[in-house]
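Per TrEMBL, region 'Disordered' is recorded for A:1-20. Annotation comment: TrEMBL describes A:16-319 as domain 'Class II Histidinyl-tRNA synthetase (HisRS)-like catalytic core'. Here TrEMBL flags A:Asp87, A:Ile88, A:Thr89, A:Gln131, A:Glu135 as L-histidine binding site.
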Number of protein chains: 2
Amino acid sequence: MSASLPPPDMGLLPEGLSDRLPPQAEASARLVRHVLDSVASFGYARVMPPMAEFEDSLLARLQSASAQDLMRATDPASGRMLALRPDITAQVSRIAATRLGKAARPLRLSYAGQVLKLRADQLRPEREETQLGAELIGTDSDAAATEIVGVAIAALKAAGVTGITIDFTLPGLVDTLATGPMPLSPDLIEPVRARLDAKDAGGLVALGPQAAAYMPLIEAAGPFHPAMERLEAIDAATGGVLTGRIAALRAIAKPIGWDITLTLDPTERHGFEYQSWFGFSIFAEGFVGELGRGGGYAIEHKDGHSEPAIGFSLYPDPLIDAGFGAEEAQSVFLPLGHNESRAAALRAEGWRTVTALSDADDGRALGCTHWLDAAETIAY
Amino acid sequence: MSASLPPPDMGLLPEGLSDRLPPQAEASARLVRHVLDSVASFGYARVMPPMAEFEDSLLARLQSASAQDLMRATDPASGRMLALRPDITAQVSRIAATRLGKAARPLRLSYAGQVLKLRADQLRPEREETQLGAELIGTDSDAAATEIVGVAIAALKAAGVTGITIDFTLPGLVDTLATGPMPLSPDLIEPVRARLDAKDAGGLVALGPQAAAYMPLIEAAGPFHPAMERLEAIDAATGGVLTGRIAALRAIAKPIGWDITLTLDPTERHGFEYQSWFGFSIFAEGFVGELGRGGGYAIEHKDGHSEPAIGFSLYPDPLIDAGFGAEEAQSVFLPLGHNESRAAALRAEGWRTVTALSDADDGRALGCTHWLDAAETIAY
């Protein structure tokens, strides 16, 4: 509660920061709730890290953020720099490595919250986003990857998302091939990755014969089954270094229902440098850009050991912006002098009640679908 | 998902910022959920303002925060100063005055989220808090006050809070008396308020005869009914200027059940300068300090008009810190080779499942209460 004085520019919000109003705000909360409930049903326990941390500690666990992208301020208590979190997974890694360092593995954790950057990404002007997800810590085995993809799909379905596409990727693929059957000089590795990301066959050829050998990988992208056959052909031609990964991808895909579209883009990095063998991106029909992503990574512990982990994050704001999940609740107007115990009973049944505070209150203008007459609810 | 490098001081968090781990994180989410569901059942629609706004716009609607208490940064997009919100009600006021300025009144809005300050309050070291509440905009009538106190109590009960005390206050009382039957010279008003806040009878006397006349107000604090009788005696002795407010307090108190302890502290300001006639603070047995507060206030519109409003905010973190609401869910371990459709059925029934990913996984160590043998769940 606080009194208000007229602000200099009432209602103007900074670029990339916005209000959610009814009914989208409720749709957003409902979606987060359904996703978290679904994730919890697979044994993932909620953690809530703080909105801000020491900048150096946060940056050390963030790979794709730089200090100038963060909202920062000097901490009057310590003199050190604080930063708002631009990502929650780095905080979950910290928790797994420290306070939950001795908890039994595999450790299953979930989270949801706001993340904030001072500078937006190129693709989306939003500087604040909702991020939620699940992390499976202690293993990034085939079984772990199968579980995490299944948990992500179940969560999206629980939230009512349809037309889901999951795009698999093998982040270590170029390294595996470059140090094995398809040698690349070290200075070529990054240019080859970049041309593969861009599906730029001409660019690969222009890099010379070593790079040109990677052209078949461009063809091994697309709908899952034909792309896998092309990847198997590459594997057969290169001495079977990919056989294990191909088997893992098939194992992950096996339990996924036909209502999900699977694609393979073996060299795609989605702008992220996964350290592990497997990654995936999540798309939904009608939405440009990914709704989420996941994959394996490593968590560094204080004693220097590194622990495998795998997880996924969802960024559901585009769904909400598009009106996803907004539903008008049935609500009943309670005129002056209504029966309060009947009103309480209606609320207990799941109705929303809107109580008249004066003769002037108009239930229909207030969005009510029904009104209470004596003991019955009557539709407007 | 992001790879991790060893940070310089792993796990150390800034003072007043902390992680919530299982099961407290889930208890916190559950409490927020129950409060918001209860508030929604009374017709309050959710809004979600952003974590950060322009500092000047935010400060203009905040009465008890100063710029140096906020976490601020220069906005690279506008060159202006951004600030993290230290309070959500100021944002709800902005929404009510701007984007929802033309929505039908009374307008009922609810909210929940994190608030963050760079400097903690004296009483609590926490710099980040969960704030949630409801605002009724367009009226601060007796009926509105009765509703908002009722909604606050119902929300606390829905969250399982017991031993609730509501402390009523009349923020405008000293002004009413000072400009009427108990005159105070203007320079005495603030000292008298401060002595009344401190229940400092000697201090009142020391301020002279005008101030000493306010001593009976110290006696009119305490358990509701005797305190009201003393306030009525003051009213009778001062020509009835308080009769309307006394009637309003009795109307607000009337529907409140005997399980709630009511107190009156007519001159208490709880550190806040309410602009309106009525305020209240919420306490619960076993917790030092208030869990929430509410009252009337004014919302300033762009055209210069001022709109009455009344609402309440809860700060439930102390409840969670004390272990409130933490419950261990029943969870069932699914050994390797389990029946997956049985597992899905268990999840649909509300069980949490923890799937073995390898022979090494130990359901009991992972916190499971049961395990799945063939088709049955068996308690450990």
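Cβ from N, Cα, C; glycine included.
TrEMBL entries are annotated by machine, without manual review.
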Whole-number mean of pLDDT values that fall within the domain 'Class II Histidinyl-tRNA synthetase (HisRS)-like catalytic core' (A:16-319): 93
Tertiary neighbours of A:Gln131 (L-histidine binding site) (same chain, Cβ under 8 Å, six or more apart): A:Asp87, A:Ile88, A:Tyr111, A:Ala112, A:Gly113, A:Gln114, A:Val115, A:Ser313, A:Leu314, A:Tyr315
For A:Glu135 (L-histidine binding site): intrachain residues, at least 6 apart, with Cβ closer than 8 Å: A:Tyr44, A:Thr89, A:Val92, A:Ser93, A:Ala96, A:Arg108, A:Leu109, A:Ser110, A:Tyr111, A:Ala309, A:Ile310, A:Gly311
Among A:Asp87, A:Ile88, A:Thr89, A:Gln131, A:Glu135, the record's L-histidine binders - longest CA distance, Å: 13
For A:Asp87 (L-histidine binding site), the three-state class that DSSP assigns: coil
Binding-site residues (A:Asp87, A:Ile88, A:Thr89), the one with most neighbouring Cβ atoms at 10 Å: A:Thr89
